[in-house]
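Notes for the one structure printed next.
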Amino acid sequence: APCLVAGWILVASLAKIVFQLSRKVTSVVPESCLLILLGLGLGGIVLAIAKRAEYQLEPSMFFLFLLPPIVLDSGYFMPSRLFFDNLGAILTYAVIGTLWNSFTTGAALWGVKQAGLMDEGVEAGLMDFLLFGSLISAVDPVAVLAVFEEVHINETLFIIVFGESLLNDAVTVVLYKVFNSFVEMGPEHVQATDYLKGVASFFVVSLGGAAVGVLFAFLLALITRFTKRVRIIEPLFVFLLAYMAYLAAEMVSLSSILAVTFCGICCKKYVEANISRKSRTTVKYTMKTLASSSETVIFMFLGISAVDTSKWAWDTALVLGTLLFILLFRAVGVILQTWVLNRFRLTPLDRIDQVVMSYGGLRGAVAFALVILLDGAKVRAKDYFVATTIVVVFFTVLVQGLTIKPLVTWLKVKRSDHHKPTLNEELHEHAFDHILAAVEDVVGHHGYRYWRDKWEQFDKRYLSQLLMRKSAYRLKDEIWDVYCKLNIRDAISFVDQGGHVLSASRLTLPSMPSRTSMSESSVTNLLRESGSGACLDLQVIDTVRSRRDKEDAVMHHVLCGSLYKPRRRYKASYSRHFISPSTQERQDKEIFQQNMKRRLETFKSTKHNVCSAKSKSRLKKDGRKKKKSAANAELPNGKPPRSVTWQQTAAVLVAVDSDDEESDSSETEKEDDEGIVFIARATDKILQGKTASVGSTLP
């Protein structure tokens with residue numbers, strides 16, 4: 001059995017490689033359709049050789065091993081801001097829409113049966129058809145992800161359809177279990193209290209599943225707060241506790257999909273702040289790999305399972321009626337619900353969006369697994385329901401999956417531009433959030449933005465301090481992170497341009513190779529080892545290549561005059577469970593931070609004529625020493641004074657003696673200063689003297 005599992009995963013993975021070799025095919029046919037067709041082919045080969053169907057998509061394998069990675073990946077990387085902004089619409093379509101589709105589809109099929117259009121072998125009553133309607137009406141998250149991610153529709157439309165497919169799991173589970181129990185009891189034994197229990201179970205299943213997910217998310221964030229000494233097992237906690245949330249909800253008959261979804265949404269902020277960067281990369285790629293592999297196996301096994309005709313029976317009226325009713329009632333439900341929602345939405349959903357939402361209600365492996373779980377002794381029409389479910393799944397994935405991309409192109413639906421907001425846009429977005437929350441507070445209307453602002457304050461005051469490591473909470477500064485990234489990008493652009501520093505005195509670095517064979521962390525190292533001691537002058541290097549780069553450059557220089565990051569302490573650890581950071585990477589980071597700090601201090605003291613208290617006390621205390629050092633500037637062991645101006649066009653490199661710095665700096669600076677090299681504008685007096693030594697660094 002383990003060999004067969006590994007073999008099937010290998011075949012599915014090789015199939016994905018083959019599919020991607022022909023871009024013309026994959027640009028027209030979704031990958032999910034190709035995998036189903038591959039499964040049909042492999043199932044036919046196995047059936048021809050073994051004379052019977054050997055492999056099937058078992059419900060236990062699907063629900064316990066294949067579905068959790070897909071849902072965890074969706075919840076963990078869910079755009080939480082967009083999800084909660086459209087939560088009202090998502091809940092409306094997921095709850096009311098699923099109830100509408102289930103009852104109308106089941107009642108309509110029962111009406112067709114009463115009209116005598118179905119075969120007499122379909123022995124099903126009203127409860128049987130309602131049971132079938134509950135499992136066939138729910139939108140499948142796996143199918144929606146597989147198809148809609150290739151279409152690249154706009155983010156709002158995608159999050160509504162995908163969010164509906166995730167949250168309608170609670171309604172599907174409740175309806176499926178309620179009607180299944182009613183069928184086993186017999187319609188004549190169902191009482192009024194049973195209906196009330198069914199309504200109450202909906203709230204228990206949905207809210208209970210979400211509560212289990214939030215509980216495990218809280219536990220996961222709390223555990224990762226104390227994993228600083230065992231970085232190597234941080235990804236293990238993420239996958240283990242998320243899977244335990246799924247299993248815990250499944251064991252107590254709650255919504256396991258909701259549990260994993262809310263676990264991923266709620267824990268990401270705190271977990272990402274606590275774990276290391278390498279652990280974040282490991283979690284990301286491992287989660288994506290597991291989700292992609294599970295999705296590939298699911299669609300391939302759907303095709304293999306359809307070959308086994310011994311488990312299903314055919315009825316044309318039932319199949320055609322089901323296809324007609326799920327499309328018709330889906331469209332009617334979307335139109336009615338959207339008409340109500342547009343009365344409250346700031347950005348209404350237009351008719352084109354409603355067409356895409358109606359046509360995008362795909363069914364998949366969840367419906368197939370649920371229909372396989374039916375008890376044939378209780379539900380006598382199970383074989384007919386299985387055949388109908390297979391046809392519906394194939395029709396929605398193959399036909400609708402193939403035609404939805406041309407439909408979106410023909411209707412000119414707004415696509416996702418994959419535009420990452422600039423720093424300027426992010427700052428203005430946060431500013432508008434606070435302004436609108438203040439307006440709601442002033443007028444006395446407690447709307448969505450008011451409660452979101454209250455939640456952010458509560459999170460900042462209590463949750464973040466409880467669930468985040470103190471160092472992670474204090475150093476969590478998104479603006480500073482962007483500032484560092486812009487500096488790294490400028491450094492890389494500097495190397496790509498040949499490594500020349502623009503200055504009137506023609507002080508340039510030797511030509512350096514392109515960064516095609518260099519890492520970002522080696523850029524600073526290469527600058528330091530080149531022997532010139534010159535540093536990047538970000539004000540004169542021209543790196544503007546587009547409008548967004550121009551905006552980022554402006555914000556970069558604004559932040560350059562306002563921010564600097566304090567130095568960090570690094571403590572040695574000798575645990576075999578601890579991944580020590582790279583010495584070269586740490587050294588480059590320290591040099592970068594110290595260099596920018598020195599620039600900012602010099603800029604403030606010279607251009608704005610403002611001296612810090614520390615500099616003033618230093619001038620008073622060492623006045624005589626500075627006079628002597630100025631008089632002996634041309635001595636062999638002397639050095640030029642540090643109080644230089646930035647207003648001249650010529651550039652000269654200033655070397656700083658480490659002994660004076662050690663005597664004037666605090667104990668922390670003594671431990672953390674490493675290899676500081678900076679560039680300054682020279683005055684006329686210094687230009688008349690000798691050129692300062694190049695490449696001198698602090699210890």
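Placement of Cβ uses the backbone N, Cα and C atoms for every residue, glycine included.
The model shown is predicted, which means the values in this text are computed figures rather than measured ones.
According to TrEMBL, the compositional bias 'Basic residues' annotation covers 615-629. Among the features that TrEMBL reports, compositional bias 'Acidic residues' is placed at 657-675. Annotation source TrEMBL lists domain 'Cation/H+ exchanger transmembrane' at 9-410. Summarising the annotation, TrEMBL assigns transmembrane segment to 25-49, 61-78, 90-112, 124-145, 199-224, 236-265, 312-336, 356-374, 386-408.
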Segment proximity, the transmembrane segment (124-145) to the transmembrane segment (199-224), 3 or more C-beta pairs under 8 Å: no
Dominant neighbour of the transmembrane segment (236-265) in 61-78, 312-336, 356-374, 386-408, by Cβ pairs under 8 Å: 61-78
The transmembrane segment (61-78) versus listed stretches 25-49, 90-112, 312-336, 356-374, 386-408: most Cβ pairs under 8 Å: 356-374
Feature contact check the transmembrane segment (356-374) with the transmembrane segment (25-49), CB under 8 Å, 3 or more pairs: no
For the transmembrane segment (386-408), sequence-distant contacts whose Cβ falls under 8 Å of one of its Cβ atoms, 6 or more beyond its ends: 28-30, 32-33, 36, 132, 135-136, 143, 146-147, 150-151, 153, 299, 302, 305-306, 311-315, 318-319, 322-323, 326, 355-356, 359-365, 367-368, 371-372, 415
